[in-house]
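See structure below.
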Amino acid sequence: MKFNIAKKGGVVAQLVFEEKIEGGYLNHLKEKELFSGKAEDVYYTLDSNLKAQLFIGLGKEEKIDLEVLRKTFFKAASELLKNKVEEVELNIPKLNNLCNYKTAEAIAEGMLHATYKYDKFKSDRKEQTEITVNYNPEKGKEDRAEKGINEAVKLMEAVFLTRDLVNQPANVIYPETLAKIAKEKLEAKGVKVTVHGKKEIEALKMEAFLNVARASTKEPKLIVMEYYNNPGSNEKIALVGKGLTYDSGGYAIKPATSMVDMFTDMGGSGTVIGAMHALADLKAKVNVVAVVASCENMISGDGYRNGDIIGSMSGKTIEIINTDAEGRLTLADAVYYATNNLGATKLIDLATLTGACVSALGEQVSGAVTNNDEFFSELVKANERAGEIVWRMPTIEYYKKMNESKVADLKNSGGKLGGMMTAGLFVGSFLAKEDIPWIHIDIAGTAYITEKFGYLKENATGTLVKSLYYMLSKEA
């Protein structure tokens, strides 16, 4: 999809507010129940002269917001693609209280979402129509609109990178290839990427991470990404992503039906890599480090077992209650490394961690636990800008006690109750200093969805790449 600013040509889209359908052809369409003007209502047709017409409903004028624009223009672009339209003209007036910059960004984002396809393994895949969008904003606001569109294009490139990583199967994306792609994609944008193999991980004494990786023939990789673009600041924010490229459950083996999509268990690492891509590509004024401890959780004669007691980089010991509660073990060492060795002053970890989160919040809302109200409020503000939802869960002492072991410092499963909170608090207990502002985000339901929602097609979503960019770049 190509965007031009202040240019005419192509099918002229007619933008219609629901309350302004009065008489004439639009009223005829409404009576025939072909077009109502409601948000997300799009109608494409040919007139008697075979001239294409495109009607885009915006709903009630006072209710329009960025998410309405994303969903509506996703529908519009989908209709254009279906009808193989190559050029469209959008004449966008000032909308409600939205600035031209954010309006253009949301419209472009929605349209770009419609272009995403995951069909690389299909032998009969077809070429998609390349659409040219001639975008005409309010007069005098061309520069602001162009900035918004350029930001959307780069953000969506990062989101699509995340979606591609998460969608690909475990025989294609495993620790070595994940590290290779991260290095290729991010170094091209100015991010320093260091990949540590098994020997370096052993030297770091990352025992929790190594125990999870033991049974796999794929060598574990510790992927460290560094982006420094704010020399005047002492703040260094860490992003830590769960990097399980396949999770069989280990000896606490999953049922066959639950294993089918476990190549997506590296969703946290995909989000982190995508966020780093966006931050660097858009030259955000921020210092960010990112850490991914990537491995597979498999079964072999050398695999770790329920009942084992293992160490960790922090020195804390862990009783293994369940080998399928492995993600928090890899995160434990990664979080400690980020805060102790890299000196992160704040940290966000993201993981497809618990089924409990999916049961509680479904596929449209991510769950979170945090130790810092102010830090979390920054995320909420970014979520609002991005159209993404993260719901904060309680962190009362009761949940912390559930992680205590009688034979070790901690156990890796707090039991059946409060599973999302106990898992998150387990991860947080490996901060090098307990007062480091920290947010744990469980994206088990949102990283990979089973049903289409709004402008997100089923499968990988790229969730929270946008929110992390807005939050860390202070663009929210």
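Glycine too: its Cβ is placed from the backbone N, Cα and C atoms.
Secondary structure at Lys254 (active site), taken from DSSP and collapsed to helix, strand or coil, is coil. Here Swiss-Prot flags Lys254 (among others) as active site, drawing on sequence analysis.
The active site annotation in Swiss-Prot covers Arg328 (among others) and is backed by sequence analysis. Within the same chain, residues at least six positions away from Arg328 (active site) with a Cβ under 8 Å of its Cβ are Ala351, Leu353, Asn412, Ala423, Phe426, Val427.
Taken residue by residue with DSSP, Asp247 (Mn(2+) 2 binding site) is part of a strand. Under the heading Mn(2+) 2 binding site, Swiss-Prot lists Lys242, Asp247, Asp265, Glu326.
The Mn(2+) 1 binding site annotation in Swiss-Prot covers Asp247, Asp324, Glu326. DSSP classifies Asp324 (Mn(2+) 1 binding site) as coil under the three-state reduction.
Between the CA atoms of Lys242 (Mn(2+) 2 binding site) and Asp324 (Mn(2+) 1 binding site) there is a gap of 14 Å. Secondary structure at Lys242 (Mn(2+) 2 binding site), taken from DSSP and collapsed to helix, strand or coil, is strand. For the Mn(2+) 1 site, the Cβ centre of Asp247, Asp324, Glu326 serves as reference, and the other residues of the chain with Cβ at most 8 Å from it are Val212, Leu244, Ser248, Gly249, Gly250, Ala252, Lys254, Asp265, Asn297, Thr323, Ala325, Gly327. A separation of roughly 9 Å, to the nearest angstrom, links the Cα atoms of Asp247 (Mn(2+) 2 binding site) and Lys254 (active site).
Distance between Cα atoms for Asp324 (Mn(2+) 1 binding site) and Asp265 (Mn(2+) 2 binding site): 12 Å, as a whole number.
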